[in-house]
């Protein structure tokens, strides 16, 4: 029978694992780091009563990422329903209603911070998504749940005021929303701002994408306005454009985390496709000849500016959180 090989790899972390006859860890770095990893690995596997798990650490930046990888391997291979939760700088591993393992960083954590709340609903780290869209929230809840983080949205805070997006750039708008809501709630907040940039129009509609044809414009009206602006641009190569997304995570007393991504393409001459929204029916993806509205949801999520930005965020978020 073929032995399963598990792997996680991004720019910051790279782990490989398999199951054999005994627990074993390898790491070809400095001795001090190796000793720390061995102590951690032995403590976790012994506590979870795991045998035969073999782990190789190639690159490591995030204890959370490493624990999540190990638990994913155990879940897939052994069917264990293990969950990691972040709480006040520690990592808690549980199964069902039982707390099995606590990982504390070398510098320790504040006892008052760790035990300060008697309210079970306050237990664990929380990320507030600056949206009322339940579909978007569901996707982020799935992603951050793997990092042991509870996700809420603005529907959980009905009394919060609306934050006007008055910035001149995507980052300014995303920062404004995330940092304002973080100050008001004391929570860690994720916000995004996205739009379409057409090169020959100097980057327009840009931050005004949703209201290009007016404050209450519909998608159809915005698309018609864009086609009108490009009516005299006959050379397809000069109709280049990109969708852009900026994501900002803000938290009290921290420097905000910023990631962004572009999805390059061209503006077509007529709407095509029934999927998506906004400018999707006009946006020709790369050199495929297909509009974003002709892609399936899965295809779009894999390629799009938002999908790329979220991938970047999930790679750098654990390291950002550990630095604070």
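Cβ atoms here come from the backbone N, Cα and C positions, even for glycine.
Swiss-Prot lists 131, 132, 133, 134, 135, 136, 277, 278, 279, 280, 300, 305, 306 as binding substrate, and of 182, 194, 237 the one it places in that same site is 194.
In this structure the C-alpha atoms belonging to residue 280 (substrate binding site) and residue 193 (active site, proton acceptor) are separated by 16 Å. Summarising the environment of residue 135 (substrate binding site), the number of other Cβ atoms within 10 Å of its Cβ, over all protein chains shown, is 7. Between the C-alpha atoms of residue 133 (substrate binding site) and residue 193 (active site, proton acceptor), the distance comes to 14 Å. Least crowded of the binding-site residues (131, 133, 194), judged by neighbouring Cβ atoms within 10 Å of its own Cβ: 133. Residue 131 (substrate binding site) and residue 193 (active site, proton acceptor) have their C-alpha atoms 11 Å apart, to the nearest angstrom. Comment: substrate site residues 131, 132, 133, 134, 135, 136, 194, 277, 278, 279, 280, 300, 305, 306; largest CA to CA distance 22 Å, whole number.
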